[in-house]
Amino acid sequence: MAAPPIQQETAPWLLENGSYKVLTKESHHGRTAHNMSSSSLRKKSDLTLVSKVQCGLLRSFLTNLQEVILGTKLSILFPAIPLAIVANYCNFGRPWIFALSLLALMPLAERVSFLTEQIAYFTGPTVGGLLNATCGNATELIIAIFALCQNKIDVVKYSLLGSILSNLLLVLGTSLFCGGLGTLGKQQKYDRRQADVNMLLLFLGLLCQLLPLLFRVAGGYTTVTTVAALQLSRASSIVMLVAYVVYIVFQLWTHRQLFEADEEAGEGQEEETPVIGFWSGFVWLVGMTIVIALLSEYVVATIEDASNSWGLSVSFISIILLPIVGNAAEHAGAIIFAFKDKLDISLGVALGSSCQISMFVIPVCVIVAWIAGIDMDLNFNTVETGCLAVAIITTAFTLQVLLTTLLIKEKKTKELTFPPCRPFK
């Protein structure tokens, strides 16, 4: 069977399950900011030794193993996975189990992003975008579900709140600061349409979280208002999930070009092609998810012991440590791209991840708790909700000031470059 001709507008094809799969240009440029940020920590694998293996099945397995396990700069942390499992079964110190599990989650979160991108080469950008929308914050979602199963509602709320705050304040703030250092004397530009959509979703999520809090404050902390606030939270969660589904349709179908990673971000780099097959990527993705679930169970079970041993409160560990460690690879990639003057990718990571947690992960946790018979509402208490509101308003104000500054500079540049013409005599 002859291979299909490669046209100029198509990327290389790949043999998968006996048939040729053409990778269109659309598939390559459908990468999201999450994929682009994680790709900054990847490295090319040297398959010279693996290619000399005679057995085809063994060669394929070793190739996949090298690409998945050794294809990241965080591969040095993979030994923490067996160490955490051994420490748990040998009844080592529970703070050690907590620390090893946190370290092991860092490369796993980055590899999940890598595997979803590999699957997207075969399924197309739409299905790949759905996978990224579902698995983008898989670590936070799995940890939250395990915490719910153990009725640790405060850990769930603090960890999800910390994820939003770390993305808006730490990641975005560091990206803007580092981007300014890396582009001294130049203007940093970004797509305001994508940022506006994400900020509006964040304000919608904040409104849904304010309603139960204001309801309980106005009605007093009684049993009647507690039940009514719980019902209001569940109704608001359904509205948030519907809004998130509409947002996904807006992002992947009707206005996909607004959310695609900037094509100029790949300048100077070779055209990427898939390194593993579809079914291999799917199996690895399922396996990685199972390992993340196991380590998340260790984290939730040992968080109190780590708190007592280290002298840190559970709220501090949940708000600060869990979000930063869980998405360290993605956050580092966002900062690296900000240094390279790719501010759209940094904004896509910070704002996109915050929207996903606010509009998808939090309401899903409320619905799962409802199904499990656990009373979890959207009331994050006054101080925590106030911090979230200040963070969102500060981010919106900062982006608006940045945009206004850019518009003023562009207007002055045009006035200096193109002076008014004198009438012709």
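Cβ coordinates are placed from backbone N, Cα and C, and glycine is handled just like the others.
Predicted automatically and left uncurated, TrEMBL annotations should be read as such.
Listed features, source TrEMBL:
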TRANSMEM  68-89  transmembrane segment
TRANSMEM  95-115  transmembrane segment
DOMAIN    96-253  domain 'Sodium/calcium exchanger membrane region'
TRANSMEM  127-148  transmembrane segment
TRANSMEM  160-185  transmembrane segment
TRANSMEM  197-215  transmembrane segment
TRANSMEM  235-254  transmembrane segment
TRANSMEM  275-296  transmembrane segment
DOMAIN    281-400  domain 'Sodium/calcium exchanger membrane region'
TRANSMEM  316-339  transmembrane segment
TRANSMEM  351-373  transmembrane segment
TRANSMEM  388-408  transmembrane segment
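A contact between the transmembrane segment (197-215) and the transmembrane segment (160-185) is absent, since fewer than 3 of their C-beta pairs, 6 or more residues apart, lie under 8 Å.
Of the candidate ranges 95-115, 160-185, 275-296, 316-339, 160-185 has the most C-beta pairs within less than 8 angstroms of the transmembrane segment (351-373). In the domain 'Sodium/calcium exchanger membrane region' (281-400), the DSSP tally of helix, strand and coil residues is 103 helix, 0 strand, 17 coil. Looking at 68-89, 95-115, 160-185, 235-254, 316-339, the range that has the most CB pairs within less than 8 A of the transmembrane segment (275-296) turns out to be 95-115. Between the transmembrane segment (95-115) and the transmembrane segment (160-185), the number of CB pairs under 8 angstroms, six or more residues apart, is fewer than three, so the stretches are not in contact.
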